[in-house]
Amino acid sequence: MFPFSGCWRTELLLLLLLAVAVRESWQIEEKSCDLVGEKDKESKNEVALLERLRPLFNKSFESTVGQGSDTYSYIFRVCREASNHSSGAGLVQINKSNDKETVVGRINETHIFNGSNWIMLIYKGGDEYDNHCGKEQRRAVVMISCNRHTLAANFNPVSEERGKVQDCFYLFEMDSSLACSPEVSHLSVGSILLVIFASLVAVYIIGGFLYQRLVVGAKGMEQFPHLAFWQDLGNLVADGCDFVCRSKPRNVPAAYRGVGDDQLGEESEERDDHLLPM
């Protein structure tokens with residue numbers, strides 16, 4: 001009886017530990033972006049853009065600006081919490097002089113849209129201003145520009161707009177290939193003409209070969225269309241080059257002239273008569 005009792009206790013303990021582990025895993029599951037608006041009425045375009053940025057979810061970006069006591073560090077993550085101290089913070093500002101952390105924007109108030117070669121990611125719901133912008137909540141605007149040579153780089157703060165009564169924001173920029181539009185390849189005019197020429201040559205050779213073989217009944221090299229012309233093409237090209245390039249006539253007249261029979265005088269037979277014997 002005692003062995004069975006110990007076995008049951010072990011199994012119950014294992015089941016209890018498994019239940020606790022599952023519960024803890026649910027609790028520590030990372031939060032993700034929650035688009036502005038009701039869950040069932042979210043923009044399909046915004047959902048598609050967030051899915052497009054998924055390769056950046058596990059990356060963290062940091063940039064430090066300022067000097068001395070005015071040195072600030074900004075930590076940014078895409079649809080993930082950027083801080084362990086502030087719940088839901090997607091972009092935080094840390095004052096290096098006193099390590100004070102300020103939430104610039106939270107991922108539970110996300111808005112995103114894009115253009116041809118850029119994506120604008122906005123985190124709302126940050127910490128409230130103390131004395132600026134009507135004490136409204138801070139807002140982070142991250143401009144992701146197209147750069148086909150990097151997945152994500154060059155995260156930098158650009159400016160802080162807090163001189164207005166409302167709608168203030170922090171502006172940041174970053175480069176990523178995910179913001180680029182798909183490349184559409186177009187053939188140049190020369191390539192199109194080359195393809196057309198090659199197609200015509202192929203049709204000429206194949207069609208002429210079939211005609212010579214099936215209609216004319218030619219065999220061997222005679223099946224090639226216009227064989228005599230192509231065999232004599234070299235001579236034709238040479239004659240054309242000779243005609244265009246030569247500056248002197250091919251047949252230069254001789255420096256002497258022949259004498260015609262009509263120009264020869266009649267030889268007198270009497271001049272030799274004195275040589276005959278008397």
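The chain as shown is numbered from 1 upward.
Every residue gets a Cβ built from N, Cα and C, even glycine.
The signal peptide annotation in Swiss-Prot covers 1-21.
Annotation for ASN58 (N-linked glycosylation site): spatial neighbours ARG80, criterion Cβ-Cβ under 8 Å with sequence separation of six or more. As annotated by Swiss-Prot, N-linked glycosylation site applies to ASN58 (among others), with the evidence given as sequence analysis.
The C-beta environment of ASN84 (N-linked glycosylation site), restricted to residues of the same chain at least 6 apart in sequence and closer than 8 Å, is empty. Residues annotated as N-linked glycosylation site in Swiss-Prot, with experimental evidence given as evidence: ASN84 (among others).
Within the same chain, residues at least 6 positions away in sequence whose Cβ sits under 8 Å from that of ASN95 (N-linked glycosylation site) are THR71, TYR72, GLU101, THR102. Annotation comment: Swiss-Prot describes ASN95 (among others) as N-linked glycosylation site.
Taking Cβ-Cβ distances under 8 Å and a sequence separation of 6 or more, the neighbours of ASN108 (N-linked glycosylation site) in its chain are LYS31, CYS33, ASP34, GLY88, GLY125. According to Swiss-Prot, the N-linked glycosylation site annotation covers ASN108 (among others), on the basis of sequence analysis.
For ASN114 (N-linked glycosylation site), the Cβ neighbour count at a 10 Å cut-off comes to 17, with all displayed protein chains included. A strand conformation is recorded for ASN114 (N-linked glycosylation site) in the three-state DSSP classification. Sequence annotations record features per position, and here Swiss-Prot assigns N-linked glycosylation site to ASN114 (among others).
Taken from Swiss-Prot, the feature topological domain 'Cytoplasmic' applies to 212-278, supported by sequence analysis.
The region 'Disordered' annotation in Swiss-Prot covers 257-278.
Here Swiss-Prot flags SER268 as phosphoserine.
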